[in-house]
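Asker: Quick one: the structure is below, questions incoming.
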Amino acid sequence: MFIYLCKKIAIPGNVRLRCISWNKEEGFIACGGEDGLLKVLRLETQTGSVQVVTWNEQYHKLTTSDQNGLIIVWIIYKGAWYEEMINNRNKSVVRSMSWNADGQKICIVYEDGAVIVGSVDGNRIWGKDLKGTHLCHVAWSSDSKVLLFGMANGEIHIYDSNGNFIVKMKLSCLVNLTGTFRIAGIHWYHGTEGYVEPDCPCLAVCYENGRCQIMRDENDHNPVLIDTGMNVVCIQWNHCGSVLALAGSLKGTSPDKDINVVQFYTPFGEHLRTLKVPGKQISALSWEGGGLKIALAVDSYIYFANIRPDYKWGYCSNTVVYAYTRPDRPEYCVVFWDTKNNEKYVKYVKSLISITTYGDFCVLATKADEDQPQYVLVLCNSIGTPLDPKYIDIGPLFVTMTRTHVIAASKEAFYIWQYRVAKKLTAMEINQVARTRKEGRERIYHIDDTPSGSGDGHLDYSKAVEGTRDPICAITASDKILLVGRESGTIHRYSLPNVGIIQKYTLNCRAHQLSLNCNSSRVAIIDLSGVLTFFDLDARVTSSTGQQVIGEQLKLERKDVWDMKWAKDNPDLFAVMEKTRMYVFRNLDPEEPIQTSGYICNFEDLEIKSVLLDEILKNPERPNKDYIINFEIRSLRDSRALIEAVGIEESSQFIEDNPHPRLWRLLAEAALQKLDLQTAEQAFVRCKDYQGIKFVKRLGNLQSESMQQAEVAAYFSRFEEAERMYLDMDRRDLAIGLRIKLGDWFRVLQLLKTGSGDSDDALLEQAHNAIGDYFADRQKWLNAVQYYVQGRNQERLAECYYMLEDYQGLENLANSLPENNKLLPDIAHMFVRVGMCEQAVSAFLKCNRPKDAVDTCVHLNQWNKAVELAKNHNMKEIGSLLARYATHLLEKNKILDAIELYRKANYFFEAAKLMFKIADEEAKKRTKPLRVKKLYVLSALLMEQCHEQMQNAQRGKVKGSETASALAGLLEEDVLSSTNRFADNAWRGAEAYHFFILAQRQLYKGSVDAALKTALHLRDYEDIIPAVEIYSLLAVCACANRAFDTCSKAFVKLESLETLSQEQRQQYEDLALEIFTRHCPKNNKKTDLDDVLESGDGKLPVCVATGDPILEYRFWMCSVCKHCMKAKERSNYNFCPLCHCSA
């Protein structure tokens, strides 16, 4: 940064000032002094000496206090200041006042220890009397939860927002000092504009003896410590917390002569600048809201100093790159603003150190990690795309770049990286670079080394940690040489690209900024105090000792310089920024200055491009083209004026005497305007403009002067004028051709509609399509559709319909296309992407791609359609696809999904197999018999469908007799039965659990006889239901029915089961003993049914409703499961009790 005094205001009556405060929002400056002076514009009131003034920017209020303790809150109304509130405690003097971050609360501290916290509307929130203390300072934390009170004895106490004491602050800056020291200031930056780095120090505490500590928070035990070496009276952060200003005085050479100074530091304790201020005693300072000015109260004067910040910025390829902080993000926001197209690209970069640019590229230097001392140099293009990052182990305090190299330097060493970008590399080289680091591409040198240029300087970072007595302070480079400045004033000159030391020069100053001219013959040096000097690197002069030395200090010296730029095409031309003026020098002679505060981007072709960064960073998210300013230097202005005044011939002699390509181009353009083709051609030759020469040749071949004038108008971008000339000559074709070259298709369309011709139809179609492309590029799909329809561009039309989600339009388009059109597959894929199976299949079939249609059905789970298509087109892959997908589902344990898949694809046997598997697994859990029954019923139903499918298939195959067809179907079913146990009788599982549930229902209902009959059937299902459960249920039913012989047989079976443990078997034996000692195991009832059952002549059908055998000849049979029910029970059911199908 650079700072200089720019203005001085005297206070009437020579009243000594005590305090000053600058309103950050409105720009008002309030200053208080002796004899009741309070000045805000024209406001002067209060009786005692005004000692404290503070602004509340959020509510546009000013709070002041004088030596008598009178506090006044001021508001502005219609341009005048009025007293809003007055408070006078009449006991003690106010030492400090502070508003919190949101302007809602004010804390006032009195010298006698009284503390008052009030609200913005004047209400007292709380008050406290800190006995035995003398207060002098107060500060709020950014979240308003903590208050710091500075004591007269130098201690700082930490309180919460309700006035409760927490702890004393640890004061590391006063270690090794004895006695008490007065606090000069406490200022806590609230982060309103973001922080320069995550976890950045923001709380500054400074003592009058010059000791200062900057802390991250009130409990920071590792603060940044500074010894300013001055007597400090006031401190304040700038608007964004990047610079801390400390005002005070230094001891002069004579005892009574102190020098007023303001010192500026970063939050990390790095000294930036020192500003000397005239006057006897400085009493206060305050920053302007944007951080570009600072106000100083000195005696009875207000001094203003302008500040030129060291912005993080650069300029490459018509792009301004700048960085700023935001309160809502911890990173820097880096904006790549293309000034030509007014487009911007934003990147967020953590811990950004600097931005360096050259040509089309820029390098962002950042810290890699907060914990590790590693840094990154990121090479980017002009839209912020990272091309190549390099990790380095030295802090890049100084960075410069050339067309081929990036050089970064710490205080002890410098690192050189020969960068390459993709457009200059073949694919093979890119891969090679990616795999290995090419030898010599990266090198590091210690500043005390003397490299010879023979390939030493490998990447050995151990050199970088070695100290030096003479650190690096500035660097610059060109394609040929590298200059490194040291704090002693020595400059080292190295050759590039082979780094070898060539020369050492000695300067009379310490360089802060170095800059080489375009042929590397001279270097410009700006020192810490803003003095610009020049050094000729190649001049040979004789020293005072008579020896010949290389290098000469030039006579020119300029003060208050904060920026300079050499011309890219003239080694003797450069521009300098002094305060708010720009000077252009030719051969060290200045031209008249230009009033501007812009930062110089580029100096080329006798034009200077400057950017008003101060204005841009007031609203960095919306940069304005008005903030880019182009200045022409005097020779260009004079040549233009001469051409206008005296004509081309006389001007050509002047340009001959003062040659420059830009001047010759100016002459060529003037000659073209007057159709002086000979002079224009000669001038284009002198400025080596081949396109200009070809244009003049083409003009010479045109016979008509009006045609030449039209071409010249087009050459100078006066397209409207050129078009009008073409139309006046009745050359509509040339006007259309001009607009086509410009890409102005809207105007082409207008011109085409004004006439008629055979070739116009093709052009109309082209114009409609081009306008459609214009709207499509801007995602205005609805507008694009209208023009693509007229241009008959079916391919782009399909894309627009897809983007608009107009699938009906897309379907209509597909239907209108002829068969095998190349667009049909693309449209089909669009339908696939949105899950529209039917339309996708239709499109695929229309372009004769049935396999893709089947794949689509599989992809969208439309298996029925897939099978149907595969059959219709005689495809054999469907079976393998089904199997693959089912396997995939089973791997993910989605068995039900696999069953549904097989069922939809009519693979009923596989579906039944899986369903039986689920039913068996569920049966093993022994939890819910009804659920198990349902699962067995579902699997049996699938098997029924399988049988039906096989019989239908055989009927289709065998065209002979029905007997033969039925026989073939039965034979196939027999094959199935032999391979799978469930295929033989699919209903066995369902029957088992049906009777199991039915028996228990009958038992609980009290129908013990029916329950016993039903339970007896379960003996046939030991393979499905565990025997222990079957015979336990049978024993219970028999016992309840007093059929003790059946009960005895059940107990015999239970006691003989091998699956029972010894303990369980013993329990059954004990229970049997208990029952049969009371009841004889003999059945007293014997029915006709028993005789029939025992005869074994044949198995009788069983009623699924009651469990009874059916003896009648008339009964009901289910059409699905083929199970029977007594005729008399039929009226009680609307469905089959077993399979639940409609009766």
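The backbone N, Cα and C atoms fix where each Cβ goes, and this holds for glycine too.
TrEMBL feature annotations, pasted as is:
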DOMAIN    43-308  domain 'IFT121/TULP4 N-terminal'
DOMAIN    313-632  domain 'IFT121 second beta-propeller'
DOMAIN    663-753  domain 'IFT80/172/WDR35 TPR'
DOMAIN    984-1083  domain 'IFT121-like TPR repeats'
DOMAIN    1101-1142  domain 'IFT121-like zinc finger'
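On this model, are these features tucked inside or out on the surface, and what's nearby?
Answerer: On the 0 to 100 pLDDT scale, the domain 'IFT121/TULP4 N-terminal' (43-308) averages 88 in this prediction.
Taking DSSP states H, G and I as helix and E and B as strand, the domain 'IFT121-like TPR repeats' (984-1083) has 74 helix, 0 strand, 26 coil.
Within the chain, the domain 'IFT121-like zinc finger' (1101-1142) has long-range Cβ neighbours (under 8 A, six or more residues past its boundaries) at 937, 940-941, 944, 987, 990-991, 994-995, 998-999, 1002, 1010, 1013-1014, 1017, 1089, 1092-1093.
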Asker: Looking only at the domain 'IFT121-like zinc finger' (1101-1142), what are its DSSP counts of helix, strand and coil residues?
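Answerer: Each residue of the domain 'IFT121-like zinc finger' (1101-1142) counted once, the result is 4 helix, 11 strand, 27 coil.
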Asker: With helix taken as DSSP H, G or I, strand as E or B and everything else coil, how many residues of the domain 'IFT80/172/WDR35 TPR' (663-753) land in each class?
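Answerer: Helix (H, G, I), strand (E, B), coil: 73 helix, 0 strand, 18 coil.
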